[in-house]
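Below is one structure, written out as structure tokens; the observations come after it.
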Amino acid sequence: MATREHELRPEQERLGEDREEYEDGEEEEEEEEEEEGWDDWESDGDDAGGGGGGLLCLFCSARFDSESSLFSHCASEHRFDFYRVVKETGMDFYGCIKLINFVRSKVAENKCWSCGQVFSSNSELCGHLHALEIPQLEGKVPWGDDVYLKPFLEDDSLLHSLSVFDDDDEDDCGMPMEKGGCSAGNGSLAETCESNLKSIINDGSDVIDRFERTCTIESTDGECSGSLAQEPSDKQLKIARASAAARGINSVDESYFGSYSSFGIHREMLGDKVRTEAYRDALLGNPSLMNGATVLDVGCGTGILSLFAAKAGASRVIAVDGSAKMVSVATEVTKSNGFLYDENMEMQQKRDTQVITVVHTKAEELNHKIQVPSNKFDVLVSEWMGYCLLYESMLSSVLYARDHFLKPGGAILPDTATIFGAGFGKGGTSLPFWENVYGFDMSCIGKEVTGNSARFPVVDILASEDIVTETAVLNSFDLATMKENEMDFTSSFELRLSESGVSPSGVTWCYGIILWFDTGFTNRFCKEKPVNLSTSPFSTPTHWSQTIFTFEEPIAMAKEESAVVSSASVGTDECPAVMIRSRISIVRASEHRSIDISIETTGISSDGRKRSWPVQIFNL
């Protein structure tokens with residue numbers, strides 16, 4: 001993201017360098033100013049400032065020399081009492097960072113941070129700001145999401161100036177230290193600390209570890225001795241950790257978007273007829289929805305959904321993708337097919353089909369890249385689904401786009417999603433293969449492979465005949481109304497042996513649980529032609545396959561009418577279970593874009609006895 005004109009570069013903010021002198025590269029003056037600037041860093045803006053400092057107000061263009069003067073201005077002019085919010089919510093340092101970034105993001109949208117009302121200009125917003133109302137959403141503050149750890153403004157000097165959690169104003173060496181009075185080798189301690197802090201902000205968490213483990217500094221002249229790790233305040237380390245957390249998310253995002261830069265995965269997705277034709281039919285088959293509509297395509301990839309939307313008669317299509325490579329490809333594809341919007345072309349020269357603009361950005365940052373239409377979008381379309389529906393966690397970006405860019409009552413496609421589960425038999429494992437390899441018994445290998453599968457989920461296509469139980473619904477999502485926290489859920493369900501799963505002996509072994517999903521383009525929005533996209537093992541296979549979770553040990557099952565009452569352990573050949581009661585939790589993992597799955601399993605016999613197996617934890 002380009003540096004905004006009204007923002008200062010971080011070196012200028014911290015070291016107090018004059019902008020022109022910095023750009024002219026006058027090294028001698030820089031060295032002097034660097035030493036002087038360290039005192040400014042230590043005092044952290046104790047001097048009250050006017051409008052010409054480096055700290056930008058959260059609501060208007062006023063600037064200040066200190067945090068206290070800035071927040072005093074916010075309280076008196078904008079009715080935003082930062083310190084009161086901190087006190088009443090009991091926020092820690094990271095909460096303060098999130099709050100500042102949250103407020104800045106809302107102000108950028110001309111939206112009241114407290115009540116959410118939207119205005120047409122910043123002046124109208126500032127005229128509206130009212131007495132403190134701390135918004136709560138289901139008992140949580142709306143800035144609690146870790147996405148707000150990432151600075152909304154590039155090089156936001158206010159984040160480096162927060163002193164609300166500072167314990168004291170003295171240096172951490174335990175004694176007054178004059179400028180240049182303590183050195184480390186050939187460089188000053190100030191320079192070393194400043195350099196390390198810059199490295200933390202630039203490099204991430206690995207540098208934080210080095211920073212905290214830094215060895216003791218020994219002065220050459222005996223004036224001062226102390227740990228370098230003690231010199232910068234806890235506040236600076238917290239800023240570094242917050243920055244590193246945001247950078248960690250960015251790093252995963254870059255890897256994620258980079259993985260979609262390969263044409264192989266797009267070839268696979270485009271070649272998935274179930275997937276592509278479902279979107280095609282929903283977009284082309286519903287003219288009352290699409291004709292003249294403004295459309296936002298989140299995660300556009302090659303641009304295929306945008307092309308369908310344009311062909312369906314959309315008046316404007318904004319295609320968004322986080323991969324620079326795919327944005328370039330989608331732009332070229334769109335241009336080659338005569339759908340690319342060219343703002344430099346005269347209106348009389350444009351064809352009605354030239355409606356697509358491709359933008360390189362994440363959905364959460366779209367309004368920083370382009371001017372979002374004032375009346376927002378009529379239709380939001382995205383192919384966001386991952387393995388087990390929620391892997392990759394792209395759904396959060398779609399929900400963000402829905403809440404910020406879709407007009408009230410606008411259509412989201414697809415608008416429903418449902419996760420299903422069922423038990424599978426021996427054919428769903430690799431055991432049959434290893435039991436007869438060119439006439440040789442290698443079942444010992446099969447058992448080891450199956451044991452490994454009990455620790456890791458497997459994405460594969462199962463044949464419908466390998467499903468031995470009835471199907472259960474784990475969870476359903478209404479994408480038009482759901483909240484982001486609903487992506488984390490726990491579901492309890494029961495599995496009974498299906499008619500097709502009954503074996504000749506009467507006992508069938510269930511080796512685990514398989515999950516799949518359907519997404520619906522329902523008649524809520526697709527009135528002429530509703531469409532259902534299914535990844536079920538009973539339907540045509542898709543590139544999503546199914547997600548397989550193998551039990552630590554298989555469970556014997558039988559129909560209730562044929563089950564034998566026995567004192568043996570439930571789930572064995574002697575006492576098969578007539579029902580498996582399972583509880584599955586799926587939550588977003590600490591690793592960005594991953595999910596954690598826990599499975600609790602209980603077998604119930606025909607006489608009501610129960611046997612529970614240890615909880616299994618999987619990461620996808």
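The backbone N, Cα and C atoms fix where each Cβ goes, and this holds for glycine too.
When Cβ atoms from all protein chains are considered, those within 10 Å of E383 (active site) total 23, not counting its own. Taken residue by residue with DSSP, E383 (active site) is part of neither helix nor strand, so it is coil. Residues annotated as active site in Swiss-Prot: E383 (among others).
Per Swiss-Prot, active site is recorded for E392 (among others). Mapped onto three states, the DSSP output places E392 (active site) in coil. The Cβ of E392 (active site) has 21 neighbouring Cβ atoms from other residues within 10 Å, across all protein chains displayed.
Annotation source Swiss-Prot lists compositional bias 'Basic and acidic residues' at 1-17.
Residues or ranges marked as compositional bias 'Acidic residues' by Swiss-Prot: 18-45.
As annotated by Swiss-Prot, domain 'SAM-dependent MTase PRMT-type' applies to 253-582, with the evidence given as sequence analysis. Note on the domain 'SAM-dependent MTase PRMT-type' (253-582): its mean pLDDT in the predicted model is 90.
Swiss-Prot lists 1-45 with the feature region 'Disordered'.
Residues or ranges marked as zinc finger by Swiss-Prot: 55-78 (among others).
As annotated by Swiss-Prot, zinc finger applies to 110-137 (among others).
Between the C-alpha atoms of E392 (active site) and E383 (active site), the distance comes to 12 Å. Using DSSP to sort the residues of the zinc finger (55-78) gives these counts of helix, strand and coil: 12 helix, 4 strand, 8 coil.
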